[in-house]
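The compositional bias 'Basic and acidic residues' annotation in TrEMBL covers 58-79, 600-650. Positions annotated as domain 'Cyclic nucleotide-binding' by TrEMBL: 428-532. Annotation comment: TrEMBL describes 39-79, 600-680 as region 'Disordered'. Annotation source TrEMBL lists transmembrane segment at 121-142, 154-175, 257-278.
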Amino acid sequence: MTGMVSTEKMPPGTPINAYAQVQLQEVLKKIRERTATYKERLKDPVLSSPEVSPTASPKKEAPPPPPKEEEKKEVKKEEAAVPEEEHYCDMLCCKFKRRPFKEYLKKLKLPQSMDPLTDRFYVTWLFFVTLAYNWNCWLIPMRCMFPVQTTTNLVYWVTMDVLCDLCYLCDLLIFQPRLQFVRGGDIITDREDMRKYYWTTVKFRFDVFSILPFDLLYTMFGFRPVFRANRCMKHLTFFEFNDRLESLMSKAYIYRVIRTTGYLMFILHVNACLYYWASTYEGIGSTKWTYDGDGNMYLRSYYFSVRTLITIGGLPEPVTTFEIVFQLLDYFSGVFVFSSLIGQMRDVIGSATSGQNYFRTCMDNTVSYMNINSIPKVVQNRVKTWYEYTWQSQGMLDESELLEKMPGKMQLAVAIDVNYAIVSKVDLFKGCDSQMICDMLLRLKSIVYLPGDYVCRKGEIGREMYIIKQGEVQVLGGPDGTKVLVTLKAGAVFGEISLLAAGGGNRRTANVVAHGFANLFILDKKDLSEIMVHYPESERLLRKKGKVLLRQKGKPAGPPEPAKGFALLEKKYEETPKMFKALLGGKGRSGLAMLIKMKREQEAQRKEREEKERKEREEREQKEKEEKEQKEKEQKEKEEKAALQTKLEEDAAQVPEDDAQVEPDMKGQSSSPQKSPLLRGITNESLIITMSPSTTIGEGEILTVEVKVKPQD
């Protein structure tokens, strides 16, 4: 069957359909692909899988067609639609196209809702509101105490006041009612709900009070800035801007230092205004303590405020009671306020350098430990270099300490943004499930190697796979192991053969040395096995790639290492032929290795069963033997007891009835004889009692009683 239908063998005039030709070619192409797939599965059974490939998500049903009336309306709208006019701008001799003004208005249109935590547009607006707030806080006290507001510049002051009031009013009516909030775990974005929620907050009350038009009292009492003092009540917006700005800045401690310095300068500013008011109240130049009217009145007052609140000293002594009380209040406020500000400044600077202090502490402890244990200077210098490079390159010593404080989903999101681009480009993982790669990102460990460090050595057991994140490594080989075979750069993978290959392929095949500083990702074999359990398709793909790599690279070649020491006494066996290795290394129940294994297991079970039966039989025989010996012993004791009893009876029949009789004890011990009455006659017979050891072992002694008759002369 050919890929294309030949047109040369067709009779002339035969019609040819081009569409049919293309379709036939597509069918032939698919048949060939399927045939190649089945051939590959027959060659490598590992690839065949009974799993069903995931099906595509069901398509959503198309919405029903609109009714005829709506279709007519749409047709009318299309007809009525007029193409937009092209807008051109003439500048000098050039004419170029520009966007219409409506598009600019669309971009400036406010969103229906804004996230107060992440919306940059809202933070920008807070910046302008903060400027208006600072204008009021700094200049209202100054305009009240110093004669800076005059009839000649009143227009400018009023203009700036109106602009600040417009900022306050827009924030109250437009921006604050559009802020999202959380209720019961849900983010509320409804316009009506957001507006009602804002009306119930304390911030709304302060905002309303800060915009109340006490300026209308200008018509009755004149242009006195004190009527605008309520504008300083919008402090919640000022603090909110500080929090949002710190969350957006990479080095927030810089802004904290600036803000604390601003607090200090504002307190000195307010005290300078109060000092000028006190001088005016006492009379300009009336005493040495008051302002004498020479020079710039604000600078002189500010200088007095600095020396008073910071308690520098060297000021003129107060004269009147009012001056003494004012000076005492300044001293007390300076002690408490400035001590708190100095403590806050210390905390800000300490938090800014906390990471550096932690790094120095760890390094000092390590150096102290090495000095105590007399570590060589060469090793100490390498340890110090590692500390310095790791801190400069990633800003911390261990990245996992930072990620451990986050939830699992956030850890995955951070790992994807940082490392997914590197791992996804690795050829070994191409074609694998993307979710498997995401799970693998959480198991990767980042390690920094110094120039000349051995990442792995030839012949050692391989339990990790390495992915180069940054830097270069060199693969060494040759007879002396110093020849550079290849240089691997960022994104390369090595050590995958030891991790994926089975059947003796878990030893390193080459030496790998860091060429310069190298930052590597390490994936442990145990972690990869735990991940691949949930992704069988990806596991089969990785296994196949491991076999291909093992066939391509093969076993490391080179002369065998000479035997040393006790290895010379060991007997060397010839290498097992490849055919027997294949048989012994086969997998599955039909392989020879499985049969041998089953045979050995059966033999071990049989031996264990025979050993158990033998022990039971011996125990039973020993028990029967002991019982038999016990019975024989009892029988023998009974016979001896009966014989002794018979002999005693015979002896008792020969002696008089009043002779003493001895009865042996049933337990083998002799009992004390009974006392017999004294003999009243004379006889030629005598009673002889003897004790002799028994001839049988274990029976003790034998009591013998004899009656002997003396011969008469």
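Placement of Cβ uses the backbone N, Cα and C atoms for every residue, glycine included.
For the domain 'Cyclic nucleotide-binding' (428-532), DSSP puts the residue distribution at 23 helix, 46 strand, 36 coil.
Same-chain residues lying 6+ beyond the ends of the transmembrane segment (154-175) with a Cβ under 8 Å from its Cβ atoms: 110, 114, 122, 125, 128-129, 131-132, 135-136, 143, 204, 207-208, 210-211, 215, 223, 225, 228, 231, 234, 237. The DSSP breakdown of the compositional bias 'Basic and acidic residues' (600-650) into helical (H, G, I), extended (E, B) and coil residues amounts to 51 helix, 0 strand, 0 coil. When averaged over the domain 'Cyclic nucleotide-binding' (428-532), pLDDT in the model lands at 80.
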